[in-house]
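Participant: After the structure tokens below, expect a handful of questions from me.
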Amino acid sequence: MVPLVRGAGGSHQWLAAVLLGLCCLLPAGRLAAPGGDFPGAAADSLVVRKGDTAVLRCYLEDGASKGAWLNRSSIIFAGSDKWSVDPRVSIATANRREYSLQIQDVDVTDDGPYTCSVQTQHTPRTMQVHLTVQVSPKIFRISSDIVVNEGSNVTLVCLATGKPEPSISWRHISPSAKPFESGQYLDIYGITRDQAGEYECSAENDVSVPDVKKVKVTVNFAPTIQELKSSGVMLGGNGLIRCEGAGVPAPVFEWYRGERKLISGQQGITIKNYSTRSLLTVTNVTEEHFGNYTCVAANKLGMTNASLPLNPPSTAQYGITGDAEVLFSCWYLVLTLSSLTSIFYLKNIILH
């Protein structure tokens with residue numbers, strides 16, 4: 001509403017006539033019907049965006065001496081006398097007949113009915129303009145980032161203002177970008193780890209671009225080991241076992257050979273832990289390093305493990321490794337040559 005104050009100039013008789021005429025035309029405080037009752041009225045309603053300039057058109061008839069603008073029952077202008085203290089309002093006069101009201105930087109408080117009254121030779125004639133101020137959507141409240149355990153029920157809230165009232169929609173920002181039904185509240189029942197991530201709330205009313213805000217949902221779950229794999233090992237060489245895991249919070253990894261916990265930096269063992277994997281390296285492999293290795297992953301929600309044997313090379317299945325294999329080959333060659341010599345010797349005896 002435009003703030004008002006009584007002007008210092010103008011004819012009191014003219015103002016009295018205007019108010020009296022309005023009282024007669026608007027019994028019991030009711031407003032005149034939209035559309036006015038004199039020619040030259042451009043429109044009976046005006047829609048503008050908040051912050052824009054509104055021009056409420058009104059024109060004087062031939063023979064009309066004065067005009068007045070009122071906001072509900074309060075006078076804004078009487079003729080050229082300004083009764084409002086609001087610096088945003090003025091009279092727009094593109095020609096001698098125009099008597100339009102201009103409001104700069106309109107706000108929602110300016111919303112409502114305005115009446116233009118024109119003094120003719122006989123009686124005041126009026127026209128009403130209803131000003132509607134549209135407001136861009138604005139999200140004023142959204143759920144904070146949350147951390148929940150897998151299987152919990154989650155409710156996200158997004159509240160927005162605007163005129164017209166904005167519609168609210170949600171979507172999960174993921175490779176599938178799954179949309180949800182519109183509404184201020186988004187309910188997720190029995191949330192899973194795949195439903196973790198950012199959720200986007202969008203408020204839209206076609207006045208301007210949608211207002212968008214995001215909330216992050218973190219889903220805790222117990223660790224899982226997805227892969228346990230080793231590289232080939234040889235005596236005197238290096239061996240590597242890789243343990244791939246997942247969990248939120250990130251799991252803590254430990255290693256065991258048999259029942260014994262392994263410590264990085266001891267007995268040629270090096271362990272490097274990352275958020276989703278652990279690497280165990282064995283330097284200068286000896287027979288003592290062979291055995292069953294277990295990777296353990298744990299966080300506050302649980303623990304899991306997986307085991308893998310670290311065995312000698314495939315030749316070890318015959319009990320032959322390293323220098324022994326060379327000796328065995330030499331011995332086998334000697335036996336073979338000896339057998340051939342014996343055969344030739346027997347053949348000569350028979351022939352002779």
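Numbering starts at 1 and runs along the chain as it is shown here.
From the backbone N, Cα and C atoms, a Cβ is placed for every residue, glycine too.
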Participant: In Swiss-Prot, C295 is listed as disulfide-bonded to which of the following: C201, C243?
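Facilitator: Disulfide mapping in Swiss-Prot sends C295 to C243.
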Participant: Choose one of C116, C158, C201: the cysteine that Swiss-Prot connects to C58 by a disulfide bond.
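Facilitator: Within the candidate set C116, C158, C201, Swiss-Prot assigns the bond with C58 to C116.
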Participant: Relative to the Cβ position of C58 (disulfide bond), how many further Cβ atoms are located within 10 Å?
Facilitator: 28
Participant: To the nearest whole angstrom, state the Cα distance for the pair C116 (disulfide bond) and N71 (N-linked glycosylation site).
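Facilitator: Distance (Cα to Cα, whole Å): 9 Å.
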Participant: According to DSSP, which of helix, strand or coil covers N273 (N-linked glycosylation site)?
Facilitator: strand
Participant: State the count of C-beta atoms found within 10 angstroms of the C-beta of N305 (N-linked glycosylation site), not counting that atom itself.
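Facilitator: Taking every protein chain into account, the count is 15.
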Participant: Between C158 (disulfide bond) and N71 (N-linked glycosylation site), find the distance joining the two CA atoms and give it rounded to the nearest Å.
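Facilitator: The Cα atom of C158 (disulfide bond) is 36 Å away from the Cα atom of N71 (N-linked glycosylation site).
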